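Visitor: So TrEMBL lists these for the protein:
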- A:25-55: region 'Disordered' (REGION)
- A:80-293: domain 'DNA/RNA non-specific endonuclease/pyrophosphatase/phosphodiesterase' (DOMAIN)
- A:81-293: domain 'ENPP1-3/EXOG-like endonuclease/phosphodiesterase' (DOMAIN)
- A:HIS146: active site, proton acceptor (ACT_SITE)
- A:ASN178: Mg(2+) binding site (BINDING)
There are 2 protein chains.
Amino acid sequence: MSKFMLNTLGLGSVGIASYFWGRSSTPQSPVQPPSNPTSTGIVPAKGNNQNSVGAFDPATIRPQDFFKYGYPGPNHDLGNRNEFISCYDRSTRNPYWVLEHITPQSIKSVEGVDRKKSVFREDEAIPLKFRARLRDYFRSGYDRGHQAPAADAKFTQETMNETFLLTNMSPQVGDGFNRDYWAHFEDFCRRLTQKYDNVRIMTGPLYLPKLCEDDKYRVTYEVIGSPPNIAVPTHFFKLVVGEKNGDEQIAAAAFVMPNEPIDNARSLTEFQVPIDALERSAGLELLQKVPYYNKKDLCREVKCEIIVREFPKAIQRAASAPAGLPAPRN
Amino acid sequence: MSKFMLNTLGLGSVGIASYFWGRSSTPQSPVQPPSNPTSTGIVPAKGNNQNSVGAFDPATIRPQDFFKYGYPGPNHDLGNRNEFISCYDRSTRNPYWVLEHITPQSIKSVEGVDRKKSVFREDEAIPLKFRARLRDYFRSGYDRGHQAPAADAKFTQETMNETFLLTNMSPQVGDGFNRDYWAHFEDFCRRLTQKYDNVRIMTGPLYLPKLCEDDKYRVTYEVIGSPPNIAVPTHFFKLVVGEKNGDEQIAAAAFVMPNEPIDNARSLTEFQVPIDALERSAGLELLQKVPYYNKKDLCREVKCEIIVREFPKAIQRAASAPAGLPAPRN
């Protein structure tokens with residue numbers, strides 16, 4: 001075990017200091033030098049307080065007083081947008097989750113709203129030291145993958161622009177995933193508005209273990225940026241909920257997909273997972289206030305399938321949406 | 001990139017379903033079967049609501065209404081104990097951090113308080129699906145590593161017992177780390193009470209990337225338990241703060257050590273890192289309310305060094321502490 005750890009885990013012994021100090025803008029300690037630079041050492045002086053105690057009062061031990069220096073967090077930065085709410089993880093520089101609400105009306109194309117007018121941008125609400133940066137994605141080989149898709153937010157240009165904030169992004173494999181199977185999956189979610197008055201979608205990254213040859217489970221993921229800053233999730237999930245007005249019952253399903261090319265021939269139901277298994281993996285509680293008798297399996301209510309529309313890009317842009325169906329991803 | 005992802009990241013395509021369904025206690029979907037089991041498909045019915053809209057009102061889009069089903073979290077379970085406060089990460093099943101307060105008086109041995117009377121136990125305040133379990137550690141090869149050490153909490157037996165909750169534990173390499181260098185490091189923190197009236201210590205796990213041969217950074221860590229449940233951190237940190245009564249200035253230092261055997265000959269200062277670098281790595285804000293001119297570098301105020309006391313166990317237990325020094329780890 002120890003040998004394994006030495007060989008494979010973490011930075012080497014020399015690595016730690018250079019890794020940390022190297023990331024600091026100054027190679028010196030950021031804390032203020034003492035006014036008296038002479039190191040005094042920990043030599044008990046005469047009459048030091050350890051020897052001058054009476055009866056010990058346990059109430060003098062107050063770990064909570066650390067908070068006078070500021071609460072350390074972790075803080076979850078919530079971004080309240082028009083079409084979605086994002087919750088940001090300061091340690092992975094990814095969202096924890098992004099929550100959306102779409103309706104039959106909200107996903108209709110609106111004249112003049114165009115994703116070509118939107119630009120990716122950093123979320124300045126996030127302190128710089130925890131922020132996902134545009135430069136981290138540069139030449140990383142990964143797409144800036146929308147968690148709330150732009151095509152779900154086209155009722156105003158501002159609404160669509162908000163989906164381009166990096167707090168709505170995770171690094172996603174482009175070809176075969178973000179631009180293909182995942183996009184078809186997003187389209188499936190939009191098509192649910194043909195059956196449901198309200199569709200609520202929670203999307204987010206996962207970092208899942210896999211069984212290795214030595215019979216141990218390990219999580220392995222890349223971190224992009226220089227210095228390394230943004231984690232590349234191994235998987236992505238969506239929790240999809242369909243609501244009908246006046247019906248207390250909801251239809252819900254959870255899906256988990258690997259962040260890698262997926263063959264379009266594969267069935268969407270292959271990726272369905274029990275909601276409680278997603279809870280365990282994400283560390284989240286999902287739909288806990290809904291009694292079990294009001295939760296139906298979405299994939300028994302509707303056919304859970306992707307529809308592959310492989311229009312050439314130019315045609316795709318010019319084409320109007322098939323009648324009665326939302327437009328394919330634009 | 002895609003090839004890399006396929007080969008090395010995440011569960012294989014077949015893996016996802018079996019991984020998730022396999023973790024569920026029932027192999028069936030946990031959601032209730034629909035009352036009408038006939039799948040209706042997503043075929044737009046005549047007069048479906050998509051075709052019956054007037055002007056669209058953006059205010060009808062309310063992503064926040066998802067919360068009627070319950071707030072998903074992430075929740076941070078705070079454990080308020082006598083000597084420490086723990087903050088629990090439901091996805092790694094480790095603490096985010098554990099905060100302690102020790103004083104010259106609090107770390108004195110008290111007649112009858114003995115770690116042999118304490119037992120490791122699960123924290124029942126954590127929902128079962130997110131809980132670190134005793135069985136996860138069984139035969140894992142890792143120690144149940146105290147974040148707040150038992151030896152820091154010996155003023156009552158109850159206080160010591162609290163340190164044995166699994167919400168105060170992370171998997172640590174035993175030989176050469178938890179039972180050696182890390183223990184000497186904990187002893188260093190206790191010795192600081194010879195100079196400071198209050199010593200505050202924040203301890204926690206890290207999951208750090210390392211530079212791989214292909215020039216990419218990756219985080220890799222084991223997950224123990226069957227099914228895999230508790231992440232094995234790659235590193236551990238301590239933020240150590242010394243306060244003197246009546247002095248607004250504090251002395252602070254951050255240390256990061258790999259979760260692997262460390263040679264006792266290595267200097268403690270090798271493991272010191274800038275506090276802001278630790279903030280970035282942990283996603284935490286540390287001492288942010290203390291103005292820089294009130295923060296001194298602890299390792300310029302005291303000699304940051306471990307003292308290796310390699311008593312045989314029997315002698316160690318029988319020996320009283322060296323005069324004026326706290327007892328070695330019991």
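Backbone N, Cα and C atoms are what each Cβ position is placed from, and that goes for glycine too.
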Visitor: Out of A:HIS146, A:ASN178, which of these recorded positions shows the lowest number of other CB atoms within 10 Å of its CB?
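Guide: Result for the recorded positions A:HIS146, A:ASN178: minimum number of other Cβ atoms within 10 Å at A:ASN178.
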Visitor: Between the Cα atoms of A:ASN178 (Mg(2+) binding site) and the residue listed as 'active site, proton acceptor', what distance do you get, rounded to the nearest Å?
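Guide: A:ASN178 (Mg(2+) binding site) to the residue listed as 'active site, proton acceptor', Cα-Cα distance: 9 Å.
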Visitor: Using DSSP and three states only, what is the residue listed as 'Mg(2+) binding site'?
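Guide: Once the DSSP labels are grouped into three classes, the residue listed as 'Mg(2+) binding site' ends up as helix.
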